[in-house]
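In TrEMBL this protein carries:
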BINDING   B:G20, B:E60, B:I246, B:K248, B:G250, B:D290, B:T291, B:E296  Ca(2+) binding site
Amino acid sequence: MALLDDIEALNKAFSGFGVDETSILSILGNSNHEHKKSLRQGWSKLFCEDEYGFERFDPSHVKNLKLEFKRFRDAVMLSVLHPWERDARLIEKAIKKGPKHYNIIVEIACSRSSEELLGARKAYHSLFDQSMEEDIAAHVKGSERKLLVALVSAYRYEGPKVHDHVAKCEAEILATAVKNGDRKKPIEEEEVIMILATRSKPHLQEVYQHYHKICGKSITEDLEAHGILKDTVECLCTPETYFTRVLDLGLSVDADEESKKAVTRVIVTRKEALVKDVQNKIEGCLKGFYKDFMLGLIARGEK
Amino acid sequence: MGVWTFTSVFSFDMKLSRWGTNEDLIIQILAHRNAEQRKLIRQTYAEAYGEDLLKALDKELSNDFERLILLWTLEPAERDAYLANEATKKWTSSNQVLMEIACTRSANQLLHARQAYHARFKKSLEEDVAHHTTGDFRKLLLPLVSSYRYEGDEVNLTLAKSEAKILHEKISGKAYNDEDLIRILATRSKAQINATLNHYKNEYGNDINKDLKADPKDEFLALLRATVKCLVRPEKYFEKVLRLAINKRGTDEGALTRVVATRAEIDLKIIAEEYQKRSSVPLDHAIGKDTHGDYEKMLLALLGHEA
């Protein structure tokens, strides 16, 4: 029956990641008053009978639907910004939103080049009348503060020169810190922060290799239980691994809103770091203009 | 005098097997050139002779004079990078040069110094500071050299009040290496710090540096006091460095050279006024008395340099 088909089509259009604007337009755009009433009465997923005699829109679904409609808009707004302003605004929001969002600060501070991070710091001055590091230092408490301030303050050397002997010593320092992890958290070890926040990325890659030789495991494996420290280590030298993980999490069936937002952020900001099969994953999960926009960004691959 | 006059100084000597330079000419020419002009001279020399002017001078000039010429001829960013690198290599707990550079330069000047550091030393300034300094000194110095302070005049008075309170608490509790104390000094804008310190004095009666004098022999406290001075009253900091340098038995040429070379285009005249106020002797007299030869001549020429 046409009504059931319509309801099924609308269910599909409204569920998942983004909304299918075209479907919605063709069905609802052509619905008259009577048809809409029938839709509401038959659409048990979204509407229920209210005791006062009308079909009420389920409030939790309203909320979710609004978020899905917003997805395309947010993606466009984010992608239109200059990368410096974009990163500065993302960091400022993350600081205000609290500890669960600190991984965004790590993500930006570690995966950007020295000049990109510097640009974000300059934009921060202009947008918020403060320096990035003072905002972080003032709002972040606990052991994450030292790490985050140090990471955003870095202006890493970008040349290939590496000191093998130093890399070996520093791998040993990290190994010891990890080993003593149950007595003192590695994130509270000044030496650990100093190594991760000041050394160049090529140098850190050497450090990781030595670490693997010493411990038999990769440092990211050993830091699995250590939250943003693990993110730090990953973003610095194997950002593709980090971004793939974030994307997979966001595209999974029971992803929460923050994980879904991360998908937009990662695709808009780091298209070029994404692995090849991400396009297939997106085809299956995303909908509507949001999907087209994300696919377009990836296809173009530039910033 | 044109650039070609200068290169003619050297071309005379290129024909000889023994190098001899005319220091007076060097002083006359370089002392009265601004940074752009000195850069042009260096470039022209390098194009003409295939050698960096500074390397050429390095072979010939005597220590203090040479160092002064070297520092003066370097571009400000390179100069700061050079001084910072030197300071990390021979760092001791009484060395304040790293703090001096980090705190008396503008945010962009410090940034340019960090860029010059990459180019010249193939590493970052902060990794060298992390590697060569220790303990509480490192806790303070690393964030200082990594800062990129906001440079606006906007001040948040409520914040100034609350942070003055934090500073007072920590200082009263002798927690000088406290994270919050360091974070305030290392991240806040200079205008904000100034407001905070004014409030500190109004509310608690003393200048913060008076309260930081608990132990006159403690070098970390000395560094903290110097940090505060550099952030809000750099001319007073430099005046003191000069005064101590000149009064020392003999003269601490290192400090004298550094201050004159780095401040000549910035605020040396103001520093000289402070010096006269404090010592009742004009700076040029004091320098004249304690130094001699070409070194003295160059110092005095820079003192009179119009920026």
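The backbone N, Cα and C atoms fix where each Cβ goes, and this holds for glycine too.
TrEMBL labels come from automatic prediction, so no person has curated them.
Location within the structure of each feature annotated in TrEMBL.
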residue	record	CB count, 10 Å
B:I246	Ca(2+) binding site	21
B:K248	Ca(2+) binding site	13
B:D290	Ca(2+) binding site	17
B:T291	Ca(2+) binding site	22
B:E296	Ca(2+) binding site	17
